[in-house]
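Student: I'd like to ask some things about the structure below.
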C-alpha cells in the first residue's frame, strides 16, 4: 500500500493523498445515505451504511486511503453519557462531567463493548476496499474528548475545562486517564478488526499553553502510542495536534506521522521533524473553493517536501460546500504532479 509505505518513510511512486472529513456533507452520495438512515449518529451506528460512506471517497475521488466513518465522541457516548447532535450547535452532552460522582457513572468496559458497530464497520470496509487502499482508524485525543465531556459542548474559550485544569488538576487527570485507558482498548480493537493505521486527532490542542499541553494532552497521546507500538509495532500511528506550531521543537514520541495544520508553515515543520517523522498536510481547506488556489498550493507544498517523507492532506477537514469537482481536481493534481 502506497499510503503505508509513505507512513513508514519508504519511497513511493507519487505522494499519497487523502482528506480529513473526506466522507462528508460535500458529497451528494454521502447525504443520500445519511438521509436514508435519519441522521449522523444513526449513520455511525449502522455498520453497513457507515462502511458504504467510508468507501465513497475512494470510489468517487480516487484518494489513496479510506478513513473510518465515525466520530470521536462515540467514546463518551458509549461510556454512558447522553449525546445529541443539534443542527447549528453541534454535539451536546446533556449532563457534563462535573464531579467524582459523574465520573464514577462512566464505564470503560461498557464503552469498549458497546462500540462493536465501529469494529463491524471496519471489518466490512476492509473486506470491500481494494487491497492497495489503506484503511485508517482513528480516535480523538484524550484532551479533546475531555473538553466536550466537561464543557458539555464545543467552546471558544474552554474556560470550564481550563478552570478545572488550574483549580483541580488531579480530577482532570482522573478524567484523562479514564479516556486514555478506553482509547487504548478501542484502537486495539480497531486494529484487530482490520485498520492498517490509526490517527489520533487533538483538534483543541491549541487551547493549551505550552506546559499544560505537554502535561494534559501530549503525555496521554504518547501513552496511547506506546501501548499500540508495544503490541502492534507494524501499525503506523499518525498524530494531529492542531495549532501547536510554537511547540514543534519539543515534540517527541513513538509515532510515525505528524499531521501539520494549515496555520503551520510546512517548511519550518519539516526542518524540525522530517528527520524522524513523515509529515502529513497541510493545504488550507478553503483553497478548495478555487482551482487556481489549489494548483498554487499543491505545487508549493510538493516543492517544499520534495525528497522528504510526505502524505498530502488538508490542514484540517474539507468543508461541506466545497464543489466535488474541485476535490477531484485536487486529488488528481497531487497524484499527477508528484509522480513527475
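Note that Cβ sites are derived from N, Cα and C of the backbone, with glycine treated the same way.
Pasting the relevant annotations from Swiss-Prot:
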BINDING   21, 22, 23, 24, 25, 71, 148, 203, 316  substrate binding site
SITE      71  site 'Transition state stabilizer'
Student: Counting across all protein chains present, how many other Cβ atoms fall within 10 Å of the Cβ of residue 23 (substrate binding site)?
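Tutor: There are 27 of them.
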Student: Highest CB neighbour count within 10 A among the binding-site residues 21, 25, 316?
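Tutor: Of the binding-site residues 21, 25, 316, the highest Cβ count within 10 Å belongs to 316.
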Student: Around residue 148 (substrate binding site), how many other C-beta atoms are within 10 angstroms of its C-beta?
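Tutor: There are 26 such Cβ atoms around residue 148 (substrate binding site).
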Student: Any idea what the Cα distance is from residue 148 (substrate binding site) over to residue 71 (site 'Transition state stabilizer'), rounded to a whole Å?
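Tutor: The Cα atom of residue 148 (substrate binding site) is 13 Å away from the Cα atom of residue 71 (site 'Transition state stabilizer').
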Student: Mind computing the max CA-CA distance among 21, 22, 23, 24, 25, 71, 148, 203, 316, which the record assigns to substrate binding, rounded to whole Å?
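Tutor: The widest Cα-Cα gap among those binding residues is 23 Å.
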Student: Just to verify a number: CA distance, residue 23 (substrate binding site) to residue 71 (site 'Transition state stabilizer'), in angstrom, no decimals.
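Tutor: Residue 23 (substrate binding site) and residue 71 (site 'Transition state stabilizer') have their Cα atoms 12 Å apart.
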Student: Round to the nearest Å and give the CA-to-CA distance linking residue 21 (substrate binding site) with residue 71 (site 'Transition state stabilizer').
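Tutor: Cα to Cα, residue 21 (substrate binding site) and residue 71 (site 'Transition state stabilizer') are separated by 10 Å.
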Student: Give me the Cα-Cα distance between residue 316 (substrate binding site) and residue 71 (site 'Transition state stabilizer'), rounded to a whole Å.
Tutor: 15
Student: Whole-number Å only: compute the distance from the Cα of residue 25 (substrate binding site) to the Cα of residue 71 (site 'Transition state stabilizer').
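Tutor: It is 14 Å, counting Cα to Cα.
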